[in-house]
Amino acid sequence: MQHTPRRRFGQNFLVDSQTVTDIVHALHPRREDVMVEIGPGLGALTQPLLQSLEHLHVVEIDRDIVKRLRNEFSAKRLTVHEGDALEFDFSSLGESLRVVGNLPYNISTPLLFHLSRFTDHLRDMHFMLQKEVVARMVAKPSTSDYGRLSVMLQCRFEMEQLFIVPPECFHPPPKVQSAVVRMIPLKKPLIEASQEKLFAEIVSAAFSQRRKILRNTLRDYLTGEDYLKLGIDSNLRAENLSITQYVAITNYFNRVRSG
C-alpha cells in the first residue's frame, strides 16, 4: 500500500537504515521495556524495535497509516492508539515509560510541553526533531538559543543532543537538518508542582520581549527592592538568568504574594 506524505500532519518519513540503527542503538531497548512510539509513519523504526521488545505501543493520527500498521503487525505485539498525541494520556500506559518518535516539526514544541506533564511516568524519551529546536532545548544561559523552551524543559529534564540527521534521510526531504535528542526526567524537578503555573507565567513574561530588561518585562512581579533581596541585576535580559534564578524568583514572589 503506497502512502503519500501529508503536509497537514507534518509527515517526513525516515527512510535511512543507518539512522534507524543509530536510534535503536541509542535506545538500547530491552524485551520487557514499556515503550511508545509517537508517529510511527511507515514503520521504519517500529519493525526494528519489535525485534527487541516483547510489545510496543504506537500513537498515530493518520487513519490510513493506522490501517496499514494493524494489517502489518500482530495486535499481540503492537497496540495502535489512533488519535492525536497532543491529547493522548501517556500515564495510561503505566510507569517507567520510554517514549520515542520522529516528531512532526509543526507540533514538536506543544507536544514536548504536553509530555512534560507526565514526568512521573517517564523513564526517558528519544526524539528526532528539527536541529534548531534541539539547540534551543539544550541551550545554556547567555546564548542566542536560550529561551522559554530551554528553561521550561531543563527544569524537568536532563537533555543531550546525540547526533545530526541530514535531510536526505527522509521522504520527502525537509528543508532543515534534524537532530536526535535524549531526555531523562530529573529525579527531583527544580520547581515544585504547586508552583509550576506561576513559574511558567514568569518565564513567559520574561521572554515575551527578549530585548527588554527584566525591570520592564517582570514589572508585574518584582520591584527594585525585590531584585536587591534576590541578588539579581534588574538590568539583565531574560536570556542572562539561570534556571535556578527563575526558580528563586518564582518562590520569592509566591512567598510575598502569600503574605
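Think of each number as a place in line: the chain as shown, counted from 1.
Using the three backbone atoms N, Cα and C, a Cβ is placed for every residue, glycine included.
Within N71, N102, the residue that Swiss-Prot lists together with N12, L14, G39, E60, D84 for binding S-adenosyl-L-methionine is N102. Shown are the binding-site residues N12, G39, D84; of these, the residue with the fewest other Cβ atoms within 10 Å is D84. Sorting the binding-site residues L14, N102 by the number of other Cβ atoms within 10 Å puts N102 first. Summarising the environment of E60 (S-adenosyl-L-methionine binding site), the number of other Cβ atoms within 10 Å of its Cβ, over all protein chains shown, is 25.
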